[in-house]
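Engineer: Could you have a look at this structure, given as structure tokens, before my questions?
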């Protein structure tokens, strides 16, 4: 580890903390449906959208209606992308003449992008036409992000409103977030990326003859426009197979820094927005503090391990950091930081290959996703996941001191706790269940590239990533088979919507409750004690379930690594 | 519930169409238009030309096998630096295949008595890494100098001049662009 590595990590957190309030205020304006300076330009577009689709943006929706409308939009978008991927050979903007995707791959990809997972079973540069990238995939990068933030707004309203029936209007939330937040930032961001070297063209490729006379085909395309929203919306699906490690997606250490910031930007802002929504910004800071603590612990372990390197290579006369699967321009620190950020959030973009990390360095991204990606998390999804943990934390605190649990002015009762447990229990059930099945059936065992415990880690990581809607991978696993495409698609769908629906039910139930003013008997949910309790609940409930599986995978791998046992 | 479903269909279909037009067509095309006018060099792949012919991209690594050139890192992209198939090796820390590959690469390097820079015998994440560490460049300097009948000190000085230092001193690691270094090398040899 180096001093400059730690300066990088601290500067990263510092810049984000400075941006939390301005971004949070902007989000709060959208949450409330207030005018922003951008309304002068985009207001007519917004109203046009409502008029054409016959929406009354002021109609308050019950949680059920909010959920159904959200599900139907997502289903339609998914079918739309499935159709484009299947038919791309017949559609325009296919300069390389790529064939339509086979059924299982198209279905997996459509689910993957709809659920904000962006698991890539395909290799972008050799499968996807420019139209598929733009129309089939970029649109989901916006819409799955907008859906996530809209859902967080719905839950905030559940806490903030009293004796109310509605939790907002899904269409208005989604449209405003897209037009006034995601689209304008993406435009500026994309142009910054182009200026830094990210291609943006409708041409497919450029042919060059290298200094030694070898022909090289450089794949190009509308990369920057997709890259911007890929990071901002915590999507993570890269234009190229190598994702943000590809020099055309992430050309410099500075673009790398900006990409990492943009993964966390909205997630940080949402904690401030939550505080404003419930009338006490300390509530937001308490959540953010718990998130940052867990995050920093993860970065420290990952950076330490990657900088220490692989003893197996040290014995071969190659000392130093673990550079297998890393880019020189980033080095160990920025690679470890990126890996921790992308898995703490449900982004899944990678600037280094997690599969080639040291055993414990690779455990950190895996464990981050297993915690439910609530450490900042995916846009929207992180904070609504975290608030479910907060509900359990006040419940546990209530049990310990024998008081009725309350959180931000709402009594937490059996219904909310049951729904929160239901949402949180989905994760380990599906991850561990599907990993177990895949570790014994033949098509499952055919997947891993690496042998021994690391092969098991590849399977475990795949299902963890799918259910957590992350999308990063221990990419040695051959996942583009009908078995894995199918299993992972089911895992992604369950991981997204089986959490969302109970979460919206919690929002609906909370919105209907009376305001319970804080009293001397209330457990304070702003101080260090609360932050500690939150961290504990997340680690115990989110993490402990997975400990046996981690022992079989990365921990066994680590013990083998330090003893020089190879597979 | 069924009322919720029926009321959702029109907005879902119309919104899908509207968002597809805005986000899937208008946004990427607008960015393409602006990019092609404002940053044509970068938007088209940052190509490097020599004598009017494109010889590569500053951002994408290319293979060098001759002793007269500095070599890039090993690459797992296709058969090596195949820019249509970006990829890392994905070999884990306890992989026998990884250890064997590194052992083979180490054996091919000249024995200098100095520790081997890790990037020189490991594959990058993209397989297209355009850079090597300054140590990895210096490690090869004697070989290049011998092949070109140059003074090793002159080649080492060239390497040191070619190092890109991190922005703000902490963003990223120092690195040397292999294509730029080799072109600079050709330039001194031509003088």
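Glycine residues also receive a Cβ, built from the backbone N, Cα and C atoms like all the rest.
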Engineer: For the feature transmembrane segment as recorded in TrEMBL, pick the matching range from A:46-65, A:66-85.
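Structural biologist: Checked against TrEMBL: transmembrane segment maps to A:66-85.
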Engineer: Pick from A:111-133, A:134-156, A:203-225: which range does TrEMBL record as transmembrane segment?
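Structural biologist: Within the set A:111-133, A:134-156, A:203-225, TrEMBL attaches transmembrane segment to A:134-156.
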Engineer: Near the transmembrane segment (A:486-510), which same-chain residues lie under 8 Å Cβ to Cβ, leaving out any that are not at least 6 residues past its ends?
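Structural biologist: The answer is 62-64, 66-67, 70-71, 74, 104, 107-108, 111-112, 114-117, 119, 121, 151, 154-155, 157-159, 167, 381, 384-385, 388, 391, 410, 415-416, 419-420, 422-424, 426-427, 430-431, 434, 437-438, 444, 462-463, 466-469, 479.
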Engineer: Taking pairs 6 or more apart in sequence, does the count of Cβ pairs under 8 Å between the transmembrane segment (A:286-306) and the transmembrane segment (A:177-195) hit 3 or more?
Structural biologist: no
Engineer: I need to check the long-range neighbours of the transmembrane segment (A:66-85): which residues 6 or more away from its ends have a CB within less than 8 Å of a CB in the stretch?
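Structural biologist: Sequence-distant neighbours of the transmembrane segment (A:66-85): 91, 100-101, 105-107, 109-111, 113-114, 128, 131-132, 135-137, 139-140, 143-144, 147, 150-151, 154, 167-171, 174, 497, 500-501, 504-505.
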